[in-house]
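Copied from Swiss-Prot, the annotated features are:
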type    : residues             : note
BINDING : Cys75, His78, Cys146 : Zn(2+) binding site
Amino acid sequence: MQKKFEDCVKTMLEIIGENPNREGLIKTPNRVFKAYEFLTSGYTQNVKEILNDALFESSNNEMVLVRDIEFYSLCEHHLLPFFGRAHVAYIPNKKVVGLSKIPRLVEVFARRLQIQEQLTEQIAQALMENVDAKGVGVVIEARHMCVEMRGVQKANSTTTTSALRGIFLKNEKTREEFFSLINSAKQVRF
């Protein structure tokens, strides 16, 4: 598989008019393979294993929010990066998940070929299903290089997506609290 991938990179370099045998490009096919192996490592990770090993009994039934989770991913349409911050909240149902597992969950899905809308949905659904939460809210704010570097070339434009499940979808006060905590957080820095 690695050789096939590297051969494709060499072919691409030739097609754009480059010499894949020149000094600066000799190791590029291998470097690109390693980069994509890492950037798509989410396909080989198991969400259940990550979350189920970190579920703890708890009487807490208030919102848990992990905000400003930095991530990067690859747009499935152009294979160009998009990156930003995810804000993930849930309301426990007798169990809480270890806080470090929420950013890990974001990484699992971000390290795949993605569109932002799907990434947002996948994080929300995985948390809802695997933690048995009363509700989940996910907001992602991201910049897309396929928008900034090509096509419309609109630098610094931001796309925001949200996914709500359970009580976040059904209860207006819960939803308002979630969005309020995200917005107030932008003004507080440690």
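Placement of Cβ uses the backbone N, Cα and C atoms for every residue, glycine included.
All features noted in Swiss-Prot, drawn onto the structure.
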residue	record	Cβ neighbours (10 Å)
Cys75	Zn(2+) binding site	17
His78	Zn(2+) binding site	15
Cys146	Zn(2+) binding site	17
So which other residues, same chain and not among Cys75, His78, Cys146, have a Cβ within 8 Å of the centroid of the Cβ atoms at the Zn(2+) site?
Leu74, Glu76, His77, Leu79, Leu80, Phe82, His144, Met145, Val147, Arg150
Return one of helix, strand or coil for Cys75 (Zn(2+) binding site), based on DSSP.
strand
Going by DSSP, give the three-state secondary structure for Cys146 (Zn(2+) binding site).
helix
